[in-house]
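These notes are about the structure you will find just below.
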């Protein structure tokens, strides 16, 4: 990080300036002219926070995708189906048991197991045949989508978080002030759904945990070595298939857990699989294939672009996301944090 | 999918083109039978068969052959072919006539059709340029993202694309006093363009550009060291594929009489891939075989499913399973199976050696 | 010997003011690995240079940098006076640079003549032609000429996959000669050849028109010293000695390092 800052002083300066502007926008009481440009602080802040928390959700989905790709060069286009499956399982578990928290481990384990099955029956049989693997996963995603539609139907399901999470949280951030004629100042504070904040924090914890696992443990070292050089990994005598299956299970399980999160944030319904597959694709193309920090950066960018876009230019929100992808591909085809 | 060296699929390389017999003698008898059958079809087939089965088959076949060209000869599997087709279809509706006369310009066909193809080609060139900046399996992801972006954009934009509803009453021009939307004229129209697409792909595969493209597929580094601009060849392949896809897209808009975001959504984009892969991407005929199967399934699967005691809605399950089976067991599609069978029948069952 | 020297002297006199190839400070890093470090190399038009060195000395990496298969980390490359450092491979090829590959990169499903035809087409106009060539194509004629230069005329309609290894190497050379090359890089053309094939190779190389300079990477000292005017020795990504074949042959350092030591040719 420090080396990077030294090597790119201009970019560091721009980044620092952006952070300062952002901090000002969040903390200060806005003067009239900013209000007139960005409508109101409340709208801006909720778009910003929605974007960041959506980025957290995208990160959960995309990090599994990018981890699997980075290690095994498997493009799993059924990743969205794993997400959707996790969402339905989460709904079922939390609805029948009444424990929202229980939905996460169960979705993780069940979908992770499906991931292992995929790895075992599909990817291992077609080692090195990129295109065939991709085509097979397209087929699988068609089949899973239709099976899910068959079993659960086309309705929307919303997973309800428990009471202690469902209320809004009073943040200390002032959205606006009213000055009475008496000179008395009333501050209006931003309140934000508690559940979103908690889930965002959880995804940060998971992200940091993954980073630590990859960078500070022996198994993480093995995985990173495998990302850099797959032949080397098998040369170390590591039980490579076990590592592969484990990473696949973990990546798939993350997608499943993300499904529960998505079901709580928004809803679970047919079509969400493709939406989240696309989000993962764009996130990893922008961030750099195979890079966990890249997935985090990409997820944040795409989440923000989507939410801020949908407030300020609703018709072109999707195009904004897409333009980010085009820009990255045009100037840095390996992705923002991807290696050449 | 084995994309090995210049395969037998390009059996007629330049050298073999020399010392040829007159072309008419070289056409295999099966081609004659098929050609005559297709030409006299309107004599005995119902309008439904002509318009819904064959018209649709030819159209999907044209679009799938554009993918076959890219994937088979260029090694680039694109999921944006339906999008290129859709762009052309939209342009015909926007510049020509439709029920939405606030947007449609009503220009004559000899301007709108070339213009629509031109826009599709430009769009595909830009997409191609983006997609070839990364290699291999990224292509499929980038083109999928492009397809999705165009779908969402068309759905949300009301000024030009008329949003969710799209354009209705898109019809072909009344040329030579013929209503080309009638079953028989439409059949011949689509047949003509299907044949044109088929032969142009075959012809191009052996022209310098096609050969160079196959060289780039097999060995990009070598082609660069021979003076070929690898990137330019790949991008040009996208541009050419968009001409085919665009023709298919215009015909598709006429066939269904409308163009809307549903035409270019993710599902049809993937369907084109399914069609091309199931048919076989080593030869353009695969695209049409795949399209024919797909149309038959799409038209009759509901009845078959119900008669089997299954839910008629499970069409996608059928398509998905069929696709999986083909990819699992015959990566070269049905064409691959056919070739294997032919190969086996030519061999002596005992010794496994080729028969005389 | 005097005749050879005489010939090379004439060739070297027939030079323009610009060097055929001029490398300044070329380095190439692969991660932490320094494959090339500070290479300076000047080759005059028509000059024939041998680059010798053990495996891993960076010879093929040097070729890859010169042809643009990948970009050097630092340094500049000038080809006939023109700075081509940032040019893609195909642009350099069109300026008259050619190369052969150590491992054969041929189109094995095509015939000999078709491979050469593709090479001729690559440096001609009409690469993007959508029209199939006619039988009396001019390029086909030049392909026919090239097939004779490398003595493969009897095999011209044979599929490359059924050629012997030595014949494939000869075909590689023919493909490098397509168009009007001004300078060629030969990457171990003699590796794996039989003694007869080797002398045939030497004959082909010596028979090239005198304005055509080349660099040859060769493990076989015998071949290298016969076909080169000048020798560059590389070790661990650096140039450590340059000189006439005779000087190199007699240099004690070189002798201990390569000639006396294990003859890996």
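Glycine too: its Cβ is placed from the backbone N, Cα and C atoms.
TrEMBL entries are annotated by machine, without manual review.
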The annotated transmembrane segment range in TrEMBL, which must be one of B:8-29, B:30-51: B:30-51
Long-range environment of the transmembrane segment (B:186-204) - Cβ separation under 8 angstroms, sequence gap at least 6: 38, 41-42, 50-51, 54-55, 58-59, 61-62, 65-66, 68-69, 172, 180, 210, 240, 244, 247-248, 251, 254-255, 284-285, 288
Residues of the parent chain within Cβ reach of the transmembrane segment (B:58-76), under 8 Å, 6 or more residues beyond its termini: 3, 9, 82, 84-85, 131-132, 139, 190-191, 193-194, 197-198, 201, 204-205, 210, 213-214, 216-218, 233-234, 237-238, 240-245, 247-249, 251-252, 255, 271-273, 275-276, 279, 281-284, 286-288, 290-292, 294-295
Interface present between the transmembrane segment (B:30-51) and the transmembrane segment (B:135-154) (three or more C-beta pairs under 8 A): no
Same-chain residues at least 6 beyond the ends of the transmembrane segment (B:82-100) whose Cβ lies under 8 Å from its Cβ atoms: 63, 66, 106-107, 109, 111-113, 115-117, 119-120, 123-124, 127, 146-147, 150-151, 154, 160-162, 166-171, 241-242, 245-250, 252-253, 259, 263-264, 268-269, 271-272
